[in-house]
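Visitor: I'd like to ask some things about the structure below.
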Ligand code: MF3
Ligand code: CO
């Protein structure tokens with residue numbers, strides 16, 4: 001079911017968006033060569049507690065993961081791109097890190113992800129990250145009242161295809177509200193003018209993610225959660241929660 005939010009409800013969603021944005025900024029700035037992924041999770045947990053927020057991930061047990069996630073943040077490293085379960089690993093120079101974080105504050109969810117390189121970057125990693133960021137910006141720009149979900153999908157896909165990237169549509173954007181994953185699904189590929197109508201009050205996460213040289217994912221056999229590229233090439237992911245208003249899209253997950 002698709003729910004539309006009033007302008008007052010969208011205002012109520014702002015603290016969650018701001019907290020998610022601030023937390024990702026803090027965690028990113030504290031992540032250096034040698035940072036342990038478990039410390040990033042611990043720190044995120046501490047910030048959640050201090051803010052009185054509630055994790056969307058800790059007890060989350062969907063069909064696409066094995067049991068409850070058990071952590072409050074996804075840390076996907078290098079060939080891992082989505083749902084990276086934190087584990088005892090110290091970040092190395094040149095690692096491509098994705099942090100994906102969702103909480104609720106006052107009963108409203110916000111969901112956002114960012115990718116970055118720690119230490120000395122490789123050109124192709126910076127290019128991949130830049131492509132997901134440009135795809136996210138294009139998807140947001142296409143999220144106009146009167147349009148269709150396919151407008152967002154097509155805008156994202158156009159950026160990826162211009163870079164010669166293949167797109168996996170097994171996971172994409174989604175409605176955001178009282179819970180993290182709602183309707184409509186917002187695929188990272190599709191046709192403009194098709195799909196669910198974009199109306200004022202629709203709140204969605206838009207989340208392009210791409211792999212360097214494949215569109216095939218495998219699940220890490222050790223944790224049953226982390227999604228990695230089938231060919232070990234690296235992945236990147238950029239996500240914002242946005243509200244569609246009569247005046248156009250508004251990004252909620254920014255400070
Ligand atoms: N926040 C992710 C998304 O962007 C979902 C992560 S689910 C988890 O939709 F269980 F892995 F945390
Ligand atoms: Co999401």
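From the backbone N, Cα and C atoms, a Cβ is placed for every residue, glycine too.
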Visitor: Same divalent metal cation 2 site as 111, 174, 207 according to TrEMBL: which of 46, 54, 239?
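Guide: My reading of TrEMBL gives 239 as the candidate in that site.
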Visitor: For residue 239 (divalent metal cation 1 binding site), which DSSP three-state class applies?
Guide: strand
Visitor: Kindly state the mean pLDDT of the domain 'Peptidase M24' (12-246) in the predicted structure.
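Guide: 98, rounded to a whole number.
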Visitor: May I ask for the distance between residue 239 (divalent metal cation 1 binding site) and residue 207 (divalent metal cation 2 binding site), taken between their Cα atoms and rounded to an integer number of Å?
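Guide: Rounded to the nearest whole number, the Cα-Cα distance is 4 Å.
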